[in-house]
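Record features, source TrEMBL:
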| type | residues | note |
| --- | --- | --- |
| BINDING | B:CYS37, B:ASP39, B:HIS90, B:CYS93 | Zn(2+) binding site |
Number of protein chains: 2
Amino acid sequence: MSVLSEVLAANEVYSASFGDKANLPMPPKRRFAILTCMDARLDPAKFAGLAEGDAHVIRNAGGRASDDAIRSLVISYKLLGTREWFVIHHTDCGMETFTNEIIRNLLANSLETAKFDGQNWHDVGRGPGSRAGEYMEFLTINNLEQSVIDDVERIRSHPLVPNNIAIYGFIYDVKNGRLIEVPEANRIGRATT
Amino acid sequence: MSVLSEVLAANEVYSASFGDKANLPMPPKRRFAILTCMDARLDPAKFAGLAEGDAHVIRNAGGRASDDAIRSLVISYKLLGTREWFVIHHTDCGMETFTNEIIRNLLANSLETAKFDGQNWHDVGRGPGSRAGEYMEFLTINNLEQSVIDDVERIRSHPLVPNNIAIYGFIYDVKNGRLIEVPEANRIGRATT
């Protein structure tokens, strides 16, 4: 079965027992948001205990506080009332394995999937590639704890983010599913009035 | 119990029975990615049938093909091998209820949460606000089907996106949990070699 058929079949099953989820209101019931990585191993609803309707979930490569993540967080509190935000990066993140220069060179070489040998990325594809990567900032991660601190700090100091929203910084461990606090991030992210 | 305590307690439970998820590799096993909205009512793992390790999930306000979502998708295929992408917007989306002008004015008035009367947003907060919203494009949605088509088209025509990746466009119905195809988006998004 193709991925498309599989997804639609799973969706049939889910919607068949949708029940009273039809009545959930738009604003998140538990008034919080999670910003985390797109990584396939992470299921925020499971690792943080969310039911449908509970919380906003924002995800991108790395779980970074990009302009777009901040756009989403601003809409999250200003229109939909969230009061606490979690920034959650994770161990063994792909964003730690490359730099802007590395991915730009790979993309310039070809648009096929590169291979990782545990140390370096190698392009095994044939061209044509594209130099459009030169115009993209990939927001790679050099140090996991620092990236959480940086992102909490970036959100905390944004002029559209009110001081009374609490921002928490965590690292999710893909080896055991545990959330590990980043104390310095939590210090920076604490709410004041 | 506070939200923070609740999340950490739920995480304890999850990690206590983590099992063989510890051995999941970084690349998504089923080689696809979902781009969808941060809306609290949506659980992509549930509505599309994902287990941990299966697929990348990218989420932002609206599920829009922002520059940041495209950054994530480029990393998703170039380094981690995804071959099919779903763009999924949804009914009753908050992004349909306002415009850049409306949210910019609300933010300029105060950084407190606004109220929606079913037709219009009203700012009930006291200042100070911030005019920094003038520099933010909120990517609001005027027509749901068109926003899916526009986003698939934007991804399809991006120079860093190869022609042989299939892009599907869907609308998730929050009243019954069903994925509704957007045929025109699927036509634009189809893979060629």
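In case you wondered, yes, glycine gets a Cβ from its N, Cα and C as well.
Using a cut-off of under 8 A between C-beta atoms, the binding-site residues B:CYS37, B:ASP39, B:HIS90 that neighbour chain A are B:ASP39. A C-beta separation below 8 Å, combined with a sequence spacing of at least six in one chain, links B:CYS93 (Zn(2+) binding site) to B:CYS37, B:ASP39, B:GLY62, B:ILE141, B:LEU144. The Zn(2+) site is set by B:CYS37, B:ASP39, B:HIS90, B:CYS93; from the centre of their CB atoms, other residues of the chain with a CB within 8 Å are B:THR36, B:MET38, B:ARG41, B:LEU42, B:GLY62, B:GLY63, B:HIS89, B:THR91, B:ASP92, B:GLY94, B:MET95, B:TYR172, B:VAL174.
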